[in-house]
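Taken straight from Swiss-Prot:
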type     : residues : note
COMPBIAS : 411-421  : compositional bias 'Polar residues'
COMPBIAS : 426-446  : compositional bias 'Low complexity'
DOMAIN   : 98-178   : domain 'RRM 1'
DOMAIN   : 743-789  : domain 'G-patch'
MOD_RES  : 18       : phosphoserine
MOD_RES  : 59       : phosphoserine
MOD_RES  : 69       : phosphoserine
MOD_RES  : 72       : phosphoserine
MOD_RES  : 78       : phosphoserine
MOD_RES  : 444      : phosphoserine
MOD_RES  : 621      : phosphoserine
MOD_RES  : 624      : phosphoserine
REGION   : 1-93     : region 'Disordered'
REGION   : 411-467  : region 'Disordered'
REGION   : 510-539  : region 'Disordered'
ZN_FING  : 181-210  : zinc finger
ZN_FING  : 647-672  : zinc finger
């Protein structure tokens, strides 16, 4: 037993070899499998978090800005992917770049910590710091630091010897080199730049193979390799309360700028800065020079204590690529949409009779100074866009661009003046119709030719275009307006509508001309009264103008609402008291009658002095008797009743110290409301006055019960109803002892069984009672044994017998 030694597991062996080798081999294989799975999972996490984490910054302004812009340098893409940076670096293949990658960062570090650490070093300062995060907000352990110039990045790396110490941890630094951009492909249908691994377009679902065949080789590579230059630069990391004057003061040593050259982006709700602004210069060369100056500043530019990042402003959308490989600016789609509507409306107005012409406001007229600056800015902006569009499109296809200067200039916010011109000849009247008919076949580049049959449009496939506000149809290339249900052709600048019977797209102008010329002259009067069911291009333009006015009014009301309440009330009391005293001295008793006589003279004089009779909305067509146009016409005329230079209300004949007091007077004063009501009624015709009274009657509550009482009188109240009395029915219940107890009861039978006989007493010797015990009623409140506490009353006695016995007992007690 002692010699038998048990073989240990480490010493076992067999014909299959040592178990040690087998266990080691299995362990190595399982360890390699786990390592492969972990590597695959980490790569999947990087690929899945690529889009969400790259935008997850501490600054929401920078997040919105990067989401709305295309970064050509770092390879951001509009479909949700970007050319990822090479995270697994090879030192031998590392190339110098402006972006430096910091690896091995602590999990608790933030972007602000990295930025503070970078600012503490002497030398060039970074332009941007981006910390990579997961969807949960936890840091992924690496970040990107971007410099303005390549020299700054290389000098900073050499000064720190590619190593940093952050929070007691050694951080490795590497140059970040993005993946090659020529691997990405451009969709030929919707012109979207897709990530290289996508086999179908992210937006329209087109195959990658078709786009690679149709697009000429080298087009995307040559386009993407060119840097983006424009006349506008963007300023990032602006403080929430920075104003335009501060930006102008900071940029004044480097460029001469005006207020209209700077656009500070603010939040619509909070009215605070969103963190960036745009500076537009006269040319792209000036913008490039200013950008180089600002990027070369040491220390960098600071406004209100915050370091400002400077770069070229990129477009929010990719440029459109024509089938032959040339590019056209996508901004022209949004810019020509409203211009085409206003241009077609002016063409249709000149083609109908030719007696009305709409020109710009002349110097000296009311409203000229207010709109002169805006008109100049808009004209300059859209002329630059139109010039770029014409040069690109003409070099691309060799055809003339249909965008005219009149259509571009009409985009500016203008007031039009109505003048009379001699009537044109019939040939001139026919020119607009012939031009539209000849332009219809020219819509072939978008795939839509009016008159040919097409499939029924599928609105579920449309994509929303933020720049124009329309929905883009990738199959036909048209832009769809859901409000008016019209399609817009961006090349021919025409509005179309879908005809279900003919299964084709029809021109909106043709439908309007058919309605006007197809009916006999006898029915023209009825046709003017009937409202057209379908909207034409001029009605769409009116809707756009009305919408713009409503937005401006909402902004003004929103600004005026933010005023201290106490100061408003005190100023209102002082002004109202002084105004009432002055009004009582001058007006006396005949104020109302004199005012009614004065208002028509005031309006007549205003019409003679101001040739601007009607606004832009009423000038589009002669049929302006509907309610919306009537309200707009009255509002435009009411604006003339206030003199904003003298701060006086011409209607009430009162002067105020400032603009706020005048605005409060117009909005809150009962006197102004009363005078305005009289003024409006005096300006209305009989038909309009009847329509207004009818609408007021409909808005008021109609007491039909009072009308019935006045007509038929008050009826007499009805007689009160008598309550019905029901007699309680007699209930027959069992009374077994009413006639006495007989010998048939159970107790009697039990006693007889024990030897008892009727008439004898109870007990062994028959010494007990012989009659049954009778029930007696005791008086309430009487104690046991008290005199008169009980009187003889059986349970079978009626109420009458019980009362008689009680009276007899009481009588005997009294004796």
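Positions of Cβ are set from backbone N, Cα and C atoms, glycine also.
Helix first, then strand, then coil: DSSP counts for the zinc finger (181-210) stand at 6 helix, 6 strand, 18 coil. For the zinc finger (647-672), the DSSP-based tally of helix, strand and coil residues reads 13 helix, 4 strand, 9 coil. Across the domain 'RRM 1' (98-178), the DSSP tally of helix, strand and coil residues reads 21 helix, 31 strand, 29 coil.
Note on the domain 'G-patch' (743-789): mean pLDDT across this stretch is 77.
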